[in-house]
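Some notes on the structure that comes next.
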């Protein structure tokens, strides 16, 4: 799916010829046009350097050598290459003094990181460290990657991946996460921390079609982010069951037709919602679905002192109670079983809060609660659950924000711009992949490393 053109007038102006010149003269930060996924294009625009002395250097090289231009590590050399990605394996750092390795690896090569480059640090889960000093050193990696993300320019991003120390030497569960981060699919994911468990993974037959043959339920699919999720899922090979309320029937039918899926008119807050979805699955898909995306959501903004019961209750019902009921119901009746994927839509408002949105922020923080509370029990059934928390995304809702507020909101992140619905959809598709079976309980922001929140 081709990326949509940005509706951000400021970015269009300062990236134009005359506008770019004027912006440089005035010292105005210039948002980079982010490189997003296009079928057939290489994952990175330059070579990939993998360094460090940890346990995943060689497994990563073996997993990625077919699709990436790998180069060797030469810490003392001068580089003529423009790197597309830099990966540092920090799993071998067991003492705080060993953090010097970060400086030694990155400092000589950072200036050679190309436009929209990727920086990924792989560490070990701090809570599972073998010693106090190792735990301290591994926890320190988060401050490094978040700070580096705020230093990089030209659309480059950082990420930290914590790998379970119980992962087998081949670390196959790490591959899907690394492929996502080292690609244009993660264009608006910056400064985030991913946790990968010990489970092994089997790569898909085709990394371009990782969802081939899967059945995906997407609520709130008539328009906006939900419709884009459906498009990305279909691109990746899934059959989409697109769900929305009957008042959105025309848009829902358009979405379903566009992606070759099926439309189901349904109020997710209805008492019989689980039964109707299960019936649809029995009639069309042998009673089973592989993926559930709890995307449906509404806003009813008001200062709490002025908020009536109707506004509070409606947001709670759609955004929090319905996702919990659907998840527990569809897992409980076997519609989603072993190998299943559940992904919830949280929001940066649920992390940082937002004035006038106590109801909305409560539900989006609650979505994080659903993810973290259900993850252990679902893992025992072979099901993963993760959440995506979008920041400022260019949608009809954000387009209605007053101009001055909208422009400020767009700039308050390391990438100096708003994201696109496809950025959210790509993160959800990564979580939905069968190869992401070692990834559960994560809450990942798609926010360009927003300055607010954690």
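Backbone N, Cα and C atoms are what each Cβ position is placed from, and that goes for glycine too.
244 is the only one of 206, 244, 309, 313 that Swiss-Prot places in the NAD(+) site (with 223, 224, 225, 267, 268, 295, 296, 297, 360, 364, 395).
All protein chains considered, the CB of residue 302 (substrate binding site) has 15 other CB atoms within 10 Å. Across the fold, the C-alpha of residue 267 (NAD(+) binding site) and the C-alpha of residue 360 (active site, proton acceptor) stand 19 Å from each other. Within 10 Å of the C-beta of residue 297 (NAD(+) binding site) there are 25 other C-beta atoms, taking all protein chains into account.
The Cα of residue 364 (NAD(+) binding site) lies closest to that of 354, out of the binding-site residues 303, 306, 354. Under 8 Å, Cβ to Cβ, and six or more positions away along its own chain, residue 303 (substrate binding site) finds 355, 356. Within its own chain, residue 354 (substrate binding site) has 360, 361 as residues 6 or more apart in sequence whose C-beta sits under 8 angstroms from its own.
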